[in-house]
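Worksheet for the structure shown next.
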Amino acid sequence: MDVLAEANGTFALNLLKTLGKDNSKNVFFSPMSMSCALAMVYMGAKGNTAAQMAQVLSFNKSGGGGDIHQGFQSLLTEVNKTGTQYLLRTANRLFGEKSCDFLSSFRDSCQKFYQAEMEELDFISAVEKSRKHINSWVAEKTEGKIAELLSPGSVDPLTRLVLVNAVYFKGNWNEQFDKENTEERRFKVSKNEEKPVQMMFMQSTFRKTYIGEIFTQILVLPYVGKELNMIIMLPDETTDLRTVEKELTYEKFVEWTRLDMMDEEKVEVSLPRFKLEESYDMESVLCSLGMTDAFELGKADFSGMSKADLCLSKVVHKSFVEVNEEGTEAAAATAAIMMMRCARFVPRFCADHPFLFFIQHSKTNGVLFCGRFSSP
């Protein structure tokens, strides 16, 4: 799984840098479900198409496709397991034009490794019906949070292959922010601009560290059950978030976020309440990273999927996150706060300017989500 965690982590940071080229924009996506969806397509790719995909997804480090697909099988089983104290719904499906005659071996592998189906639709003569069908499937899989994945006109009678990838997550904090402490504060979008934000506050014991080389504090906020953590990277006010993003490699990310190397200390945390819903057309992003052949008819080689001449027509990724006060240990935590207020100096972690955040699965080190909060 480590090789896969490295591949997915490298891809995650490359995507973060590409999607975040515009400094002022918020970014939120799920690198794990994106890798997962593309790995499924990679199973059916051959030749140069496969080589480009392997490079963009950082699979070339891992020496071979088979291990990758088995790795995803274990990862998905682990992350989507029932009985967890968080809700995570990933929806992956390939929708293909029904006249293309997809190989049963490919369909079986999708099911076996990716818990995903290949569904055939009639894009040629029932394009709008196909679009609505895809949208209702996604809405059902994401508890209604993601309703209109494909906008009108986004598929047409020439569409051959649509890769749909949506993900919904809801987790409660291991320790809750008391709603009574939430108040309107100013968020410094840039040196010259401020916006109002609902700022949550809590004083408690968390793992945190300071990375001197990028002048950045890192704080770990665990979700209930401690299977998932939110890792927040907050640069000093004198340091641009861009600098942090430039320096970030997967190796450094692992080194900087090692829980066993962090101090557990009492800290005053101020974090904005926010909701992000981002949608990305991934074709241009993936092309800019070097995966060009897959989207071009005549160049794309998906002969492991179908004998028909195929190319990827559409890769859409939409994700939704809401960060608020909710948690479970409210009563105990609140009482404790009152007693600690007058204690010794407590370090502050005040996220009132742009920061990066990652939601990570502790057991597999998988980065489930990746985001940048630049502006309320």
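Backbone N, Cα and C atoms are what each Cβ position is placed from, and that goes for glycine too.
According to Swiss-Prot:
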type	residues	note
MOD_RES	M1	N-acetylmethionine
MOD_RES	S151	phosphoserine
MOD_RES	K195	N6-acetyllysine
Long-range Cβ environment of K195 (N6-acetyllysine), under 8 Å and at least 6 residues apart: R186, F187, V189, S375, P376
Nonlocal residues around the residue listed as 'phosphoserine', in sequence order (Cβ under 8 Å, 6 or more apart): none
